[in-house]
């Protein structure tokens, strides 16, 4: 603004010079002053242009920084969505694993119960093999020696089959327990036993 005031002052001086028809010295002085004002104006203009270029450069840098920041925010949003999706998947997987663990725990408990039951049965079998089976084998051998009957254990259910090895001949046994009473079958088998033994 000061430069424009100086120009206005110089212009008024020139007008007064022309109007008053003053001396040449005053004209030179005013022309010199006019040149100084023009130089100052040009310097000011150069400075203003330089400042304007700097401001434009700064604006471009700020705009680029803003664009970079927006891109980073966008990338951050995408990464956040990916992390949230991953977190949701991890939560679902955790739920599936917990359900699977619960199922496996139940199965383990069932297996432990089965194992305990098997151990109990094994103990009972051990008792049977040490006490019951030897005595049953002894009784079966005794019955075989007394009755001389060789049993067919592979016959169909409900049938009593075997061979009685009597004193003179072997006689087949073929009885249907669904049509005959137990008493009849027992009496018949005992009737085969030789009384002279």
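Yeah, the Cβs are placed from backbone N, Cα and C, and that goes for glycine too.
Among the features that Swiss-Prot reports, coiled coil is placed at 33-131, with the record citing sequence analysis.
Its Cβ taken as reference, residue 11 (phosphoserine) is surrounded by 13 other Cβ atoms within 10 Å in the chains shown. The annotation phosphoserine is assigned in Swiss-Prot to 11.
The region 'Interaction with the NDC80-CDCA1 subcomplex' annotation in Swiss-Prot covers 1-69.
The region 'Interaction with the N-terminus of SPBC25' annotation in Swiss-Prot covers 1-131.
The region 'Interaction with the C-terminus of SPBC25' annotation in Swiss-Prot covers 132-197.
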Give, as a single whole number between 0 and 100, the mean pLDDT over the region 'Interaction with the C-terminus of SPBC25' (132-197).
81
Using DSSP, what's the helix, strand and coil tally for the region 'Interaction with the C-terminus of SPBC25' (132-197)?
27 helix, 17 strand, 22 coil
Residue counts (helix, strand, coil, in that order) that DSSP gives for the region 'Interaction with the N-terminus of SPBC25' (1-131):
127 helix, 0 strand, 4 coil
